[in-house]
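Enquirer: I have a structure I would like to understand better, so I am pasting it below and will then ask my questions one at a time.
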Amino acid sequence: MALSAAIILAAGEGTRMRSNKPKVLHTLAGKTFLNRVMDSVAALDPDTLAVVVHYQAERVAEAARSYNEHVTIVEQDDIPGTGRAVQCAMAQLTQKDDLDGAVLIAASDMPLLDTDTLDQLLAFHEKSGNGATVLTTILDDPTGYGRIIRDSEGNVLRIVEQKDANSSELAVREVNTSVYVFDAKLLAEAIANLKSNNAQGEFYLTDALEAAKANGAVGAFAAPDPLSVEGVNDRVQLAALAKAHNKRVCEHWMREGVTILDPDTTWIEDDVQIARDAVILPGCFLQGHTVIGEAAEVGPYTTLIGATIDAEAHVERSRVQETHIGRAANIGPWTYLRPGNELGEGSKAGAFVEMKKAHIGNGTKVPHLSYVGDADLGEHTNIGGGTITANYDGVHKHHTTIGSNVHVGAGNLFVAPVTVGDGVTTGAGSVVRHDVPSDSMVYSENTQHVVEGWKPEWER
């Protein structure tokens, strides 16, 4: 059905989160609550997507705009309540257009709200011919939620907020999810005369349903998946919801042919892609747009952030950010790959190696205790332990180039900018300050001095 507008309510503080940032900017599986709801709603292709802000308004508005530049920002005034939020939104939206069709309203603190559930809600609303439809769910513990009160025939009479409910109403387990569909014109009429005569002194959007009943049927659609409409009020709820969601994500990948040895300690964000026969060992965090190839092995205790791991590569006990690791490469343990690296097929970055903006050729090995930054290394080169590319002069970063088939001795220091040609051998402890031609050897003249019988001053 035609969706004239979608209004996302993001004005609240979320005091129970006990946070210095608005609740809607907290994250689940790598995305803020607000962005997750915006994704689901935008997929419905509304004519207008609006976000209502108030607490830390500019911060929330900027987060919304940076995620979707086409969003309309509505600032709620100091009059509290969800009803007032929708009044402000409708006043702004109807200044531009005469809304004609359906208006979807959704809270922004349901991070798992999905497009499929919203599609079903819209279809039910249209098929039923309702003037307004509320999305509901059944909870074992409905504490904190508005209760759906029906008559003996199952028709929706009203929604009663927790603080305004009597004992019989508190026993109701069907609750309001704070997602609604209204006929646009009916909504405009229903919110025009909202009053704040309730325990909270707020303008409740739920009161608009009672007003709407005079001009059109009010229905309720129960969400098929309660998890999709579960709200977050505090960090305890957030942790529980994140765990439940992550369990589903892990189960999805296991059914796709991925081995996850311990789903309870493996965390996988939504944008991660994993090929079949990959193996994920315990204690792994897979984040951002990470891609893991066929038969690759990750872990244990590894964090991948926006990394690409090609087939048959092995990454153990390491942190990898925005790095491409080639086929059958071997990373770790305790390797730190910062953004911008490209490691070739069969390459190695071993224990206590750090890399940044390094291009490592096929078969090249940096086995241990080294820093390689702003550098190009050719193919089948071996870097001795304790080697450093000194790339920073205090103001600018400089580049190091080391060719193919180079043997670098232990404890070398390359003072960039410097280029070492193909087939070079460097002596242990060398400090390489100047370019080295191909097929040569370079070493530093470090004279060893021995002082016999020497003792420190305090022992003399």
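Residue numbering: from 1, along the chain as shown.
Each residue, glycine too, has its Cβ placed from N, Cα and C.
Quick paste of what Swiss-Prot says about this protein:
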type     : residues                                                                                  : note
ACT_SITE : His368                                                                                    : active site, proton acceptor
BINDING  : 9-12, Lys23, Gln76, 81-82, Gly146, Glu161, Asn176, Asn233, Arg338, Lys356, Tyr371, Asn382 : UDP-N-acetyl-alpha-D-glucosamine binding site
BINDING  : Asp109, Asn233                                                                            : Mg(2+) binding site
BINDING  : Asn391, Tyr392, Ala428                                                                    : acetyl-CoA binding site
REGION   : 1-235                                                                                     : region 'Pyrophosphorylase'
REGION   : 236-256                                                                                   : region 'Linker'
Enquirer: Validating a neighbour-count step here. Other CB atoms within 10 A of the CB of Lys23 (UDP-N-acetyl-alpha-D-glucosamine binding site): how many?
Expert: 25
Enquirer: Using a Cβ-Cβ cut-off under 8 angstroms and a sequence gap of six or more, which residues of the chain neighbour Asp109 (Mg(2+) binding site)?
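Expert: Expected: Gly12, Gly14, Lys23, Val24, Phe33, Gly231, Val232, Asn233.
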Enquirer: Just give the helix, strand and coil counts over the region 'Linker' (236-256), going by DSSP.
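Expert: For that range the per-state counts are 20 helix, 0 strand, 1 coil.
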Enquirer: If you measure from the Cα of Gly81 (UDP-N-acetyl-alpha-D-glucosamine binding site), which of the recorded positions His368, Asn391, Ala428 is the nearest?
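Expert: Given the candidates His368, Asn391, Ala428, the nearest one is Asn391.
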Enquirer: Give, as a single whole number between 0 and 100, the mean pLDDT over the region 'Pyrophosphorylase' (1-235).
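Expert: It averages 92.
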Enquirer: Restricting to the record's acetyl-CoA-binding residues (Asn391, Tyr392, Ala428), give me the longest CA-CA distance in Å as a whole number.
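Expert: Answer in Å: the longest Cα-Cα distance is 22.
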Enquirer: If I restrict to non-local contacts, at least six residues apart, and a C-beta distance under 8 angstroms, what lies near Arg338 (UDP-N-acetyl-alpha-D-glucosamine binding site) in its own chain?
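Expert: Counting only residues 6 or more apart in sequence, the Cβ neighbours of Arg338 (UDP-N-acetyl-alpha-D-glucosamine binding site) under 8 Å are Gln321, Thr323, Glu354, Met355, Lys356, Lys357.
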Enquirer: What's the CA-CA gap between Gly146 (UDP-N-acetyl-alpha-D-glucosamine binding site) and Ala428 (acetyl-CoA binding site) in angstrom, rounded?
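Expert: If we compare the Cα positions of Gly146 (UDP-N-acetyl-alpha-D-glucosamine binding site) and Ala428 (acetyl-CoA binding site), the gap is 73 Å.
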Enquirer: Highest Cβ count within 10 Å among the binding-site residues Tyr371, Tyr392: which residue is it?
Expert: Tyr371
Enquirer: Quick one: what's DSSP say for Lys23 (UDP-N-acetyl-alpha-D-glucosamine binding site), helix, strand or coil?
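Expert: In three-state terms, Lys23 (UDP-N-acetyl-alpha-D-glucosamine binding site) counts as helix.
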Enquirer: Can you tell me whether DSSP puts His368 (active site, proton acceptor) in helix, strand or coil?
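Expert: DSSP assigns His368 (active site, proton acceptor) to strand.
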Enquirer: Sorry to bug you, but what's the C-alpha spacing from Tyr392 (acetyl-CoA binding site) to His368 (active site, proton acceptor), rounded to the closest Å?
Expert: 21
